[in-house]
Every structure is written in C-alpha cells, then in structure tokens.
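So that you can see what the record holds, here are the features copied from TrEMBL:
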type	residues	note
DOMAIN	20-98	domain 'RRM'
DOMAIN	106-160	domain 'RRM'
DOMAIN	194-272	domain 'RRM'
Amino acid sequence: MSNGYEDHMAEDCRDDIGRTNLIVNYLPQNMTQDELRSLFSSIGEVESAKLIRDKVAGHSLGYGFVNYVTAKDAERAINTLNGLRLQSKTIKVSYARPSSEVIKDANLYISGLPRTMTQKDVEDMFSRFGRIINSRVLVDQTTVKFAANPNQNKNVALLSQLYHSPARRFSPMGVDHMSGLSGVNVPGNASSGWCIFIYNLGQDADEGILWQMFGPFGAVTNVKVIRDFNTNKCKGFGFVTMTNYEEAAMAIASLNGYRLGDKILQVSFKTNKSHK
C-alpha cells in the first residue's frame, strides 16, 4: 500500500512555522507546475509553487507544494480548493507537515494485495496498530484508464455535485450536436491552447468558480475574471484556456446556457472580436 503522493505529509500542522506552506495531493498526471501556480494564485499571492516529479523519468508524481505569502491566503486555499475536481482527480489541499524524525519512516508499502481489496479494507486491517494519517491503494494504470474525451454524462454529474441547488442546473447539449452550437466560433490558431469566453457572470464571480466549473472537463491552463478597476467586482465576463479542443468543446456544450445563481451563462470559443 502506498499513497503514491507522499500523502503522509498532509497531517495538519498547528505550528505557525508551517501555516503558509501547503501540500497538494492527487493532482492530474498532466498538470504542469505553471498550472499549479495559476490555480492557487486565484486565491492569493503565491511565494512559490513546486510540482514534484520523478527524478529519473521526469513525469509528475501527482503532488506538489504551494507556499503563500500570508497564512490567511493559505487557509483560504484549503477552504476553497480542498476537494476540487480536476479532470478525473479530486485534489486534497492541506498544511504541509515539516519533516521530522518521528514520521521519517512511518510510510508503509504493501505489495501482493488481492485485486478485490479496497482502500477501506486495507485501513480496517491496519487501523488496530495505530492511527492512519492517509492511505492509498494503487491501481495498475494500464487496466484503469480515462478516455481523452470525457464522457458528457460524467461531467454533468460532477458539476451537479458542485452546484446542486435547485436554482443552478444544466441545460446540456448532446455531443452529436456540438457542431451546431450557436455562437461558437472556433479560432484558427490554438498554439497556446483553446480560449473560452464566458459571459454574464455575476459581480461576485471569481477565478475559483471558473476552476470548479471547467476543471472536471479537462486540463485548464489559465482562468481570468475581468474586474472593474475601481470596485474590483467582476464586469460580467471572463476567460478560460484549455489545452485540448475536444475537452474545451465538451465544456462549452455543457455549460452554455448553464444557470449560475440568477445568471444564464453564455459560453463560447473566444474570437478576435470578443472582449479583448
């Protein structure tokens, strides 16, 4: 048994020395360090962000660290982003526990588990020996794999969990009808990603809302809410950049016409004529 992401470091640290430093577990495999920084910068000023990679192969190990300038922003990040759904992952955000000799060798790795054994089964087996901080059963990635093009029903269910009040509901369109979306103009050049324009946002909308809405559909590289210079309130529109066209089109198909609070959103690919 391995948490795979150094999850044993995620126990809350009550000492002031560590209250700006966060550990973020269960990140999507294709998420970059810049995307990690962008996500957490939507909460407050980030001093540093580091995605942990395999030293030999270079691929992401699925976790990273974010250090805020202030402890207040770090606390807000935990309250806002912990449990956020990104692609097929639900991230976990908590205070990073400073390294100590007490927990240095506290991580156990168990091999040869039956394929039918669940994470709860493993925890039940070991809990009588002491308190378990965190656990994770690793699954062979060659046998469990998410398709590159997310399933629409799954995405609708994910967003319904985020916005489950009666006043917030989807008017999703079928995948086969995506090509007929009115108002969707596909930009010719997408070298830096596919930019999506979101119109009719409420004054209180922020970047965190956009991450929550678009994250389940695929890799998001950047989010931006346009604010009034004087009031710092949302001016009613924003932008989201996604790396994959099919995932961006799926997000548009599901979120165009979506009710957010008392507003009906208009979602489409950004064109040169859209608000610059």
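Here the Cβ of each residue, glycine as well, is placed from N, Cα and C on the backbone.
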Helix, strand and coil residue totals from DSSP for the domain 'RRM' (194-272) stand at 22 helix, 31 strand, 26 coil
Model confidence over the domain 'RRM' (106-160) (mean pLDDT, whole number): 57
